[in-house]
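These notes concern the structure reproduced below.
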Amino acid sequence: MLDKNQKLNIINKLMSFIIAIDGPAGSGKTTTAKRVAEILKVIYLDTGAMYRAVGLYVLSKIGETLDEDKIKPLLNEIEIRFENVSGERRILLNGRDISDEIRNETISQMASKVSTLKSVRDFLVDEQRRISKNTSLVAEGRDIGTVVFPHAQLKFYMDCTIDERAKRRSLEYSEKKIQTDISDIKRQIAERDERDKSRAHAPLKMADDAILIDTTSMSKEEQIQFVVAKAQKLKDCI
């Protein structure tokens, strides 16, 4: 006979759900995932920020080298946590808030590079699954629906033309008073797309059971409402 805690665990598992949102850089997945999680009142898991955190740590310790034998031991020194501060989700690396520090192109490129390493992916996939245990969440990244949460109840793949993605990223930098050249941004996005899609471990691709969303001509609100509508139908069925 099941005891009270065992019964509660079963109920939690039955009531919890995972929404996976994958896509390339600048497709709108981060903004959408964050807002959908707020509307549904569930956890938002920013896996991209976790790779950026690892990229930042590696960069600070050994520079831009991708020597896996040197990087693997560093993973044992890393503790990543998410905390809500004044209603905002912040990421902490070994107790230090790095939420703003990781939002630049240097760290973005470094995150993409370390993400090609199996040891890094295995380390973060384990962390992501630990965070998701017995809870509902919206997770976004590049291998969420294919590798991290292949059994997610709802999967989306957000895509967009590279010109529109470069335009959006340029606007983000402009709002932060960061000087950029849109042609450089487009080149960097193209390089990252190639790296993400061609890596040996967990490449960026659309899950067979994912819903494709072309966000090229969609507003942020349209993207959010599309996902929320699908999610509400899912919740009604649970």
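In case you wondered, yes, glycine gets a Cβ from its N, Cα and C as well.
Straight from TrEMBL, the features:
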DOMAIN    19-232  domain 'Cytidylate kinase'
BINDING   GLY23, PRO24, ALA25, GLY26, SER27, GLY28, LYS29, THR30, THR31  ATP binding site
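What TrEMBL annotates, mapped onto the structure for a quick look.
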residue : record           : contacts (Cβ under 8 Å, 6+ apart)
GLY23   : ATP binding site : LYS29, GLU140, ARG142, PHE156, TYR157, MET158, ASP159, CYS160, LEU204
ALA25   : ATP binding site : SER108, ARG165, ARG169, ILE189, ARG192, ASP193
SER27   : ATP binding site : MET158, ASP159, CYS160, ARG165, THR215
THR31   : ATP binding site : LYS220, GLN223, ILE224
Near ATP: residues not in GLY23, PRO24, ALA25, GLY26, SER27, GLY28, LYS29, THR30, THR31 with Cβ within 8 Å of the site Cβ centroid are THR32, GLU140, MET158, CYS160, ARG165, THR215
